[in-house]
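Trainee: Could you have a look at this structure, given as structure tokens, before my questions?
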Amino acid sequence: MSGGGVIRGPAGNNDCRIYVGNLPPDIRTKDIEDVFYKYGAIRDIDLKNRRGGPPFAFVEFEDPRDAEDAVYGRDGYDYDGYRLRVEFPRSGRGTGRGGGGGGGGGAPRGRYGPPSRRSENRVVVSGLPPSGSWQDLKDHMREAGDVCYADVYRDGTGVVEFVRKEDMTYAVRKLDNTKFRSHEGETAYIRVKVDGPRSPSYGRSRSRSRSRSRSRSRSNSRSRSYSPRRSRGSPRYSPRHSRSRSRT
């Protein structure tokens, strides 16, 4: 097999770009996508497969936190007998930059600050177990559709925002009073309601997230940013607009 070409999207920021080394010689762009797609929306995969040298790649995500999750989750990952080296490029990351994807300006976003992409298609979830993280919640709610934001609070409640209104409606109808399992194995039956003036989260700050404090013990950390559903079949990399739920 031969290496894939360069499939470029709009220029991004260095915080979103990661280096992937120690790749097998027959690696393809699609193979790299298969390794990293679950961490978030991928903007660009640049595979370098030069004669006389081992291949390496740069993967650029839409959101810097997705890139960070990918580094934590895939550095040292065994891929067909090759232990991947995944890190931020040596040229350096930016030091906390403003949010992207939703306009410029404003205060710089902290390392674990809220994402820039938000939606009004919001549900409130209650009854979460103490170890439930926003990644767990996002995984659970993806059964209903494309999730663009998820967060949890210390009181066992959380919010989830969907890209489409019909997915929000489906979540309330199908996921209310369903069994939720955290990454630590705790289970609970959760309630799912449309957000509104009477809900616990209405008008509440999203800054009290437990999202990162527990996530580093998980090899498959998830991001709060939008991750489109994925369908397999294309031999080349392209941004996905449909994706099945995965807990692998």
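Using N, Cα and C of the backbone, Cβ positions are placed for all residues, glycine too.
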Trainee: Which of the listed residues, Arg50, Arg90, Arg111, Arg198, has Swiss-Prot annotated as omega-N-methylarginine?
Mentor: Arg111
Trainee: Say a student had to find the N6-acetyllysine annotation in Swiss-Prot: which of Lys38, Lys165 would be the correct pick?
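Mentor: Cross-referencing Lys38, Lys165 with Swiss-Prot, N6-acetyllysine lands on Lys38.
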Trainee: In whole Å, note down how far the CA of Ser133 (phosphoserine) lies from the CA of Lys38 (N6-acetyllysine).
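Mentor: Rounded to a whole number, the Cα-Cα distance is 16 Å.
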Trainee: Do you know offhand how many angstrom separate Ser133 (phosphoserine) and Lys179 (N6-acetyllysine) by C-alpha?
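Mentor: About 15 Å separate the Cα atoms of these two residues.
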